[in-house]
Each structure stands twice: as C-alpha cells, then as structure tokens.
Amino acid sequence: MAKAKFERTKPHVNIGTIGHVDHGKTTLTAAISRVLSERLPSNTNVKQDFDAIDSAPEERQRGITINISHIEYETEKRHYAHVDAPGHADYIKNMITGAAQMDGAILVVAATDGAMAQTREHVLLAKQVGVPYLLVALNKADMVSDEEILELVELEVRELLSTHGFDGENVPVVRVSGLKALEGDQKWGDAVMELMKAVDESIPDPVRDRDKPFLMPIEDVFTITGRGTVVTGRAERGVLAVNSEVEIVGIRPTQKTTVTGIEMFRKQLDEAWAGENCGLLLRGTKREDVERGQVVVKPGSVTPHTKFEGKAYILSKDEGGRHNPFYSNYRPQFYFRTTDVTGVITLPEGTEMVMPGDTISITVDLIQPIAMEEGLGFAIREGGRTVGAGTVVKILE
C-alpha cells in the first residue's frame, strides 16, 4: 500500500499529555481524537480508541525502552502529533530522553483530586527539559458539582505552574470530561473543542528546524583523491549553501573552513537541508583534522563545553542497566550525538549514591569538550552498553 503523502498545508506542532496517574490523560487523548474525527472529518482525523492508545508500542531511545503512543489529528489551524505514555516511568523516561520533543503540553489534572505528587514532578521536569508551554485540562469536571471546589483546584494548579517558572496567571485552564466526551456527550464534546482552541492559540508555532542555525554531527570522514576531505552525517537543523563558511566544533580546538561542495546520494546539491543525509566537501581540511563526534555548524552558533548540570534516568537492572548503585566520581562514557566522551559525575549534596531505576540531577565534567547547548540529550554508557540517559539542563563551563 502506498504511503499517504504528508500535506504541508498547515503548521505542524508536537504536543503531549502529562500529569498524575489515573487523572485521565489517555482517556482525554482518545476523546480529542474522537471529537475531532466527528466534527472536522479529514484523512488525518481518524478516531483512535482508548485501547489502541493505551497499548503503547515500545520504542528505543538512546538505548532505553519506552512505551509511548503517537497519534495525529488536525484542527482548522494546525496539524498535531500527540504523544501519550501509559505509565509514570514511561513519562519520566520520555521527557528526560527527549524521545518526543514537545512544543507544548496539556497538563491533565483531575478536578476530583487536584494537583498530586506526579503532577508536580511532571511540571518540574517539563521546565527542566525545556517544554516551553503548558496549558491545563481540568478533567473529570462532570464529577464535581461544587463550583467553589473547581475554582480552588484551578487556583492551586495556577500557583503550582507559577512556582515552577510557567506563566500560571495567564495559562488557559479548560474544564473537560474525557470520559463523557468519549461517550458522545454534546456538552463535553464542546469542551474538548474549547480545549483544542486553547491549544491552537496558546502554544505558539514552533521555529522550524530549517529556520535554525545549521548543525550537522559528523558520522564519517573520507578523502576523495584530487578533491579533498568529505564529512558525512545527517543535518539536524538549518540550511547550508555551497561556499558557506562553517566551524567544526568539539573534541579539538574550533576550526573554520569553507564548504566547497554538497552531495546527497551521489548528486551535487546547492544546499543541505535539515533532515537530509549529506556529504560536505571541506576546503583545505586534512583527513586527520576532523573526526566523528565533532559537529559542522554555522559560525558562532554553538560553543564547546566540558562541564554541565544534567537530569538523568538510570536504567534499572530489569532494563539491562547496572546491578548496583554508583557514587560521586563515577566515570562512565557520555554519548553525545555520534560519539562517547568520558566524564566524571558529581552527585548533588546530600545524595550519597544512585540506585538503578533512579531519576537524578548530576554535575558532569567531561575530559574533552563537546558542542553543547541546553536541552541536548545524551546516553550514559559503560563498556558500550547503555546504563542511563539524560538531558543537559545547564552549561557550567
């Protein structure tokens, strides 16, 4: 069967549902899918039922297995990819490894319970790993008849968001009932449409990868006799034109060069675009001047660093991780983009050790500099096997 062509007529936005266990994230996701499929029928808006979303397929991201569901739908304004993870651990792993980069998220809070422990944990994580916008779905609102209670829960959630650096005062809070909307109730179907209108309006259009400064991690280096050195990789973002000046950053001192040719599938190109696998011919660069693990970037856009604060999830023994805890001064490899660099971990004050299965904040000192930005993901490896994964939260030096 031929794959449906992806129509680029609307802006594309990645979102997800976050929040405490059993507050109705998956039910609400299914309700959004149902209501949109009925009210805005299209090829994209195909109803996904609860079970299909709940039995999330396994994905591997930086060596960690995560159960995660992806569904797509569209409003009149936009096309959305929506991620939902069934278990709490899957959420944490998803957010820390950036398995699904979110442009914004719907925080689901049950009106019957208010904000709970995992609500707080997800909001904190969303801030740390750089989810830029949240809005609130006050779910199970059909089960609370007292207006005062609804207002109190809303106030509490707004305060929680403000505490963690979100704009709690102005965040949209929409009262919904995922279950009632899923059962076809007209009033609660309207509430889902109101929620989607709030998503359309409060989560800004993301900056497309193509509009960001060019970056390509080097995967391989070749010499082409008579022409020079070619580096290959997949352009992560930006657009690069032939004869542009670039910098090669990481591992060694930063060097400037000019890209004199761009090739993809043995064809000459004028430009390399985000998402494309290409070879870049570098002027006056020797084969031994560059190596896997460095990145080719727009000059001045990314700098090399060795010390950072990160947030990491350490695999449990059952997930193929370590069998015993580790302590400060643990020296694993940190896998950034295409290469491993040894680093020394310092644990936060008051944390003696880290057990397999823990989520932690760490300070890391790398023995070689890496082209680094906040939000960059990494795997933690020991002798080639993954024992954890994380995200750079703050660059120190």
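Cβ atoms here come from the backbone N, Cα and C positions, even for glycine.
Marked as GTP binding site by Swiss-Prot: 19-26, 84-88, 139-142. The DSSP secondary structure for K25 (GTP binding site) is helix. Cβ contacts within 10 Å of K25 (GTP binding site), excluding its own Cβ and spanning all protein chains shown: 26.
If you look up Swiss-Prot, you'll see T26 marked as Mg(2+) binding site.
The domain 'tr-type G' (10-207) scores a mean pLDDT of 91 in the predicted structure. As annotated by Swiss-Prot, domain 'tr-type G' applies to 10-207.
Marked as region 'G1' by Swiss-Prot on the basis of similarity to another entry: 19-26.
Per Swiss-Prot, the feature region 'G2' maps to 63-67.
Annotation comment: Swiss-Prot describes 84-87 as region 'G3', evidence class similarity to another entry. A Cβ distance under 8 Å defines the sequence-distant neighbours of the region 'G3' (84-87), meaning residues of its chain 6+ beyond its ends; these are 16-17, 21, 25-26, 29, 53-54, 56, 66-69, 71, 94.
What Swiss-Prot lists as region 'G4' is 139-142.
DSSP assignment over the region 'G3' (84-87) gives 0 helix, 1 strand, 3 coil. Each residue of the region 'G4' (139-142) gets a DSSP state, and the totals for helix, strand and coil are 2 helix, 1 strand, 1 coil. The Cβ of D22 (GTP binding site) lies under 8 Å from the Cβ of A110, each on the same chain and at least six residues away in sequence. Taking the Cα of T26 (Mg(2+) binding site) as the reference point, the closest of the binding-site residues G19, A85, H88 is A85.
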